[in-house]
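Contents: one structure, followed by commentary.
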Amino acid sequence: MARQEQHLQVLSALDAAKTQWYHFTAIVVAGMGFFTDAYDLFCISLVTKLLGRIYYTDLAKENPGSLPPNVAAAVNGVAFCGTLAGQLFFGWLGDKLGRKSVYGMTLLMMVICSIASGLSFSSTPTSVMATLCFFRFWLGFGIGGDYPLSATIMSEYANKKTRGAFIAAVFAMQGFGILAGGIVTLIISSAFRAGYPAPAYQDDHAGSTVRQADYVWRIILMLGAAPALLTYYWRMKMPETARYTALVAKNAKQAASDMSKVLQVTIEEEPEKLEEMVSRSSSFGLFSRQFARRHGLHLVGTATTWFLLDIAFYSQNLFQKDIFTSINWIPKAKTMSALEEVFRIARAQTLIALCGTVPGYWFTVALIDVVGRFAIQLLGFFMMTVFMLGLALPYHHWTTKGNHIGFVVLYGFTFFFANFGPNSTTFIVPAEIFPARLRSTCHGISAAAGKAGAIVGSFGFLYAAQDPHKPDAGYKPGIGVRNSLFVLAGCNLLGFICTFLVPESKGKSLEEMSGEAEEDDEMEMTGGAAVRPQTA
């Protein structure tokens, strides 16, 4: 049992700790970051039609204005570009400076840029959109940092037995963020509709978009700052994770002191054992041959599965409103006023979030430590492929009047199996299988690959889903929604295959998964006896 004995007591105590109050505090503090991320990233899709009406309506035309293709792509996609850059930068910084110190920076950035996005004032539509895109890029940059840091902090705080559920619970807050975006939009659009009634566009071109509608999208975007601001104080009070302090910063005394307070037990400092562990363990870098041999395929697996998932997940999420319009679930734009259109889009997205998105996340929380990450990811990719094909093959049937409820049910199931499946597991696994000194960086790389997929999904789907015969104004003919769904089904099938590159981490300690415990065993000469952890 040499490996067990060589474990620092502080790490063994964390692995064996019963579920305590500090676990729930960590879930809420890290989870509120994710709640904010999801709200900020997805609320833009609720107001893009409104932006088109306010800034790009030509009153001489029979249909209300919509964002030109390049502007729509920029407004929808620029935050993802920022997120990708933020994941790589803050992931690397989290391993260099520590999880806690970088955590506060990302939150402040999100607060400032959420408020600034809503204050994008200017004299011309182009400059309003340019200012909005500028602040949404930096908002995305802050959000990007939250991915690797939240996952890493939760995995390093959690015990061995329920670690998957704890990280999944942090990620599940994304579902509540999407839901909150829909509910906030419903409330604000309802309040403004009641205060400033307006006719449909076809009845009064100018009167259908009231002047006060410009406040609606600004308020919705700015409210994204509230949850982040509320958790800033608690985030700054969290101690640095013991695994970072001990294994990366090599400060056994501080790690023992921090975790003694958190776990409310006495933990020995064991500086000699840490010294011994450090002297025996290898310290290969990310670009070394050793890393490629031990973890290269794992990193390829976590990055490719996240990339393929996000192509499907984000193209669906961002363009729900277009799909709902194409199956006649949301009426034609000219038959509604601007605020009624916002209300109807928000209502449709809230229903999907409530029925498909949120339950999927919590199924993962409940079952991930029972059936394991691998099985959930395989099942998720497989079922997403099946349901996408179920939408695409009889697509003409679904678009016939009276059949759209069936389409929405199948569409909701694809979301359910994304979240009770790869959308959750691709976030969890990279936080468990890499060494402590590279954990945040590798999670950042995997997450950035996912965001590259989101960019492909959101930009690509915008153009690809255009009707081949009747594209929207300003767009070239695409392959249509039906063929786009076939492409997305193909991405899910590839994701299913790439899942076989990713190891199962259920029930194992982080040091076991990352090979740090094996490094000690491999390089062991004398195997000095160490004190076993005392029970609290």
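Every residue, even glycine, has its Cβ placed from backbone N, Cα and C.
Annotations in TrEMBL come from automatic prediction, not curation.
Taken from TrEMBL as is:
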| type | residues | note |
| --- | --- | --- |
| TRANSMEM | 21-47 | transmembrane segment |
| DOMAIN | 26-507 | domain 'Major facilitator superfamily (MFS) profile' |
| TRANSMEM | 67-90 | transmembrane segment |
| TRANSMEM | 102-121 | transmembrane segment |
| TRANSMEM | 166-195 | transmembrane segment |
| TRANSMEM | 215-234 | transmembrane segment |
| TRANSMEM | 296-314 | transmembrane segment |
| TRANSMEM | 351-371 | transmembrane segment |
| TRANSMEM | 378-398 | transmembrane segment |
| TRANSMEM | 404-421 | transmembrane segment |
| TRANSMEM | 442-465 | transmembrane segment |
| TRANSMEM | 485-503 | transmembrane segment |
| REGION | 511-536 | region 'Disordered' |
| COMPBIAS | 513-524 | compositional bias 'Acidic residues' |
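Residues belonging to the domain 'Major facilitator superfamily (MFS) profile' (26-507) score a mean pLDDT of 88 in the model. Only sequence-distant pairs (6 or more apart) were considered; of these, fewer than three Cβ pairs between the transmembrane segment (166-195) and the transmembrane segment (102-121) are under 8 A, so the stretches are not in contact. Among the recorded stretches 21-47, 67-90, 351-371, 378-398, the one sharing the largest number of Cβ pairs closer than 8 Å with the transmembrane segment (442-465) is 67-90. A Cβ distance under 8 Å defines the sequence-distant neighbours of the transmembrane segment (296-314), meaning residues of its chain 6+ beyond its ends; these are 80, 377, 381, 384, 388, 414, 418, 422-423, 426-427, 429-430, 433-434, 442, 445-447, 449-454, 456-458, 460, 488, 491-492, 494-495, 498-503. The transmembrane segment (21-47) and the transmembrane segment (485-503) are not in contact, since fewer than 3 Cβ pairs between them lie under 8 Å (pairs 6 or more apart in sequence). Using a cut-off of 8 Å between Cβ atoms, the transmembrane segment (378-398) and the transmembrane segment (102-121) share fewer than three residue pairs, counting only pairs 6 or more apart in sequence. Within the chain, the transmembrane segment (102-121) has long-range Cβ neighbours (under 8 A, six or more residues past its boundaries) at 33, 36-37, 40, 86, 90, 93-94, 128-129, 131-132, 135-136, 138-139, 141-146, 149, 153, 217-225, 228-229, 231-232, 235-236, 238.
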